[in-house]
Every structure is written in C-alpha cells, then in structure tokens.
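Swiss-Prot lists 7-20, G102, N174, R199 with the feature ATP binding site.
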Amino acid sequence: MRILGLITEYNPFHNGHLHHLQESKKISKSTHTVAVMSGHFLQRGEPALIHKWARAQMAVDAGVDLVLELPTLYACASAEFFSHGAVSILNQMGVVDALCFGSELGHIEALKQVATVLINSPESFEISLKKYLQEGIAFPKARSKALIDHFSLEDLSSYGMTTEKMIALLKNPNNILGIEYLKALALTKSKIQPYTITRKAAAYHSTELTLNITSATAIRNHLFNTGNLNEMIHAIPPSTYEILSTCFNKDGGPIFANDLGLTILSMIRRMTPQEIAKILDVGEGLENRIFQCANQSNRLDEFCQCVKSKRYTLTRIQRICMRILLDIQFPLMNQATHASTGLYGRILAFNDRGREIIKLAQKKSSFPFITKINQYTPPNSFTKNLLDLDIRATNLYALAVKNNAFSKGEQDHLTSPYYRKELT
C-alpha cells in the first residue's frame, strides 16, 4: 500500500481537480488516496458553495478514497497556517507516503529553493521585505517582490530556471501554496515525499468558462452571476453535477459571503474600534476603517471593497470577517502554532480503500479518527477548542442555507460520513 496525500478545498470538485487526482496517483505510484479538505469556510475567507459532506462525496465519487476535514482554524487562515495544519494532519497519520500539488510550472526543485529561502530568511531578503512593507505594500506582494530581488542576484541555471521564470513563479497563487506545503514539510522534518504536476489549462483565478477545464473561481463567479448550473456541465464530472443539482434543487446552496453579510455587519456594528483592534490580523489603524465602512455598507462585498487598500488585501479583509463571525481568538491561534499534537481526522467521506487507510493508520499511530462527534472525547483543551470551532462554523454556516432542515444547528452531531461501497 502506498498512500498519497492531497490538500484541497473542492469548491466545487471540477475537471481540473479530476486531472490533478489522476496524474498525482500516476506520478507518485500510489494505490490509496487521502484528501485533507476545508470544511464550511475556506482559505480566502469565504463560505463554501455547498456543505462539506456533499463536497467530500464529490471527491470520493471521483476517486479519492478518504476525505478528512481540515479544522476551521487552519482552513480559514493564511497560506502558511493553512499548509501547516494540513501537513500536520498528514504527518500525524503516520502512513502517508507522498503529497502532490498542482503548480503553474510543475518544477519541484525551483519551488524547494524558494521554500528554503523563506525558512532561512537571508539578510538580503529581510532587508528587501522590510523596505517594501514600509512602502505600504501588502505582505504577500512585498514578500514576492523581496524574493524576486533575492533571486535576481543568483544563478538559477542549476535549477533549470531563468529570472523571468522565477518572477512568473512567484506571482502565481498556486505556486505560493505549493511553496508553503514544502516549507511545512521541511519545518516538521516530514518523511512525506513531495511531488508537483503542472496545472492544466485554466489559471487559478481565471474567470473564463473554458471548454472541459476551468477554474473553481470561474465556476463560482458564474453561479453567483447567473445561478445556471447547466452552462458549466462541460467543466465538472457527472457526479459533481448531480450532487450540485440535487443540493441546489433542495435550496441547500449555492452559498456566498453576502448570505452571511448581515450577520457579520451586525456583529461589527456592535463593536467599538478598540474591540475591533483586538481581532487577529487587525492593526495599524485598520480598526477605524473597519468601523467606518461597517456603518456605510449594507452588503458584505461592498464592505470588503470599502476596507481594502494597498496594504490590506481583499482576502485578508474577508478572513477578518470570518474571524469575527466565528469568534476566532488569538490564544487559540497561538496554541495551534506551537502544538505538535492534538489534531484529529474528522471523516467526511470514504470508500473501502479509505477504510484500509484508517485501519493502517490506527496500527501505526495514535492519531484519532472521528466518525461520530458524540462518541469522541477530546484529550485536552486545545483539541476541544478546535472541535468546538468546527461545530460553531457549521452552525453559523447553516444560517445561510434556505432549506429549513439544514439551517437548523447541530448538523455535525446529526450527519454521518458518506460511504461509497466499491463494486467487487
């Protein structure tokens, strides 16, 4: 048995994800696959289109063997923290052999080199980074510019790279996530072997509904603007279409950030600037801007655009909104940063090969798998707080769902993992 790990959001699972899954199995020579997937809130600070169990079902129906939930604390965080949480779960399972991710270049050695610079933080890089931050440039862009400065002084030919290729690499979101995965593997001294495959066709933020392969961003934008699922049938597997169609017909989605907007804005309007300043990632006077914009806006997207600036990216503002909604406090983030254990494998969907992964992990490690929350007792306060946040995220996400059956709370206690029985 050779087990492949994937770190995913599947919002929703589309043909590009299917290509990534199939090619990842080939390149890593894996027999079994486990995906660590975000739950109801995502890395860009947005709610998922449909609930996590349906998205996990999409993955298993398409060939993933086991889907575990990435705890909300990590799922709705920076690329660095998101990667740290997901890689830590794969590490603690004790059985994952490989991790494969998509990148625009498909050049693992170049990505490793960038990860090494970020880990070691050479003086020249730190000086450049500080300079760009002082110019008011947002951290992600400032870091990319500092890396470009650093590599422009190096001979990149030994990595099969040119300065132009390195600049292109550092500007792409998918490459940045890949670099963070490699950093997390290195910092945790992981035995998991990394691979990357070149993304096929549509770019990460492409908004074009191209033939066959398109981005999740394009799919979500199309649904937001038209609500027409039939026009994207060419870009998603049949099983994804069926699941989305069933969910939409039952008023289970699609869910967008504005559906939670009034809840979030009402929370912010009840706060003082001093209270807003205590929220994680708020600083340097941003609390005043948030306070003013909340009282000038009646839609969440309008509010986020109002707050956004050269220094504060839209994604950062969206994540701040979700932290307010979910009451994510700094002490828990600090605990998670320093925790080497305490994570868990919340099972969302699996098949018979997924069951084999679980059994092997239970033999090789003490990593806990959760099928039913009611039957799991957290071993410490950190784990309890992580799980409580996941439950709270589901309860609040449910408020955006029009279907009365799902809009009630406690869905985490009532919903069982999806099981796909393989034909023998």
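Placement of Cβ uses the backbone N, Cα and C atoms for every residue, glycine included.
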* Surrounding CB atoms that lie within 10 Å of the CB of H19 (ATP binding site), all protein chains -> 17
* To do: Mind checking which of I7, N174 has the fewest other CB atoms within 10 A of its CB? They're the binding-site residues.
  => N174
* Reduce the DSSP letter at Y10 (ATP binding site) to three states and note it down. => coil
* In three-state DSSP terms, the structure that H19 (ATP binding site) belongs to -> helix
* Check N174 (ATP binding site) against DSSP and tell me helix, strand or coil, would you? => helix
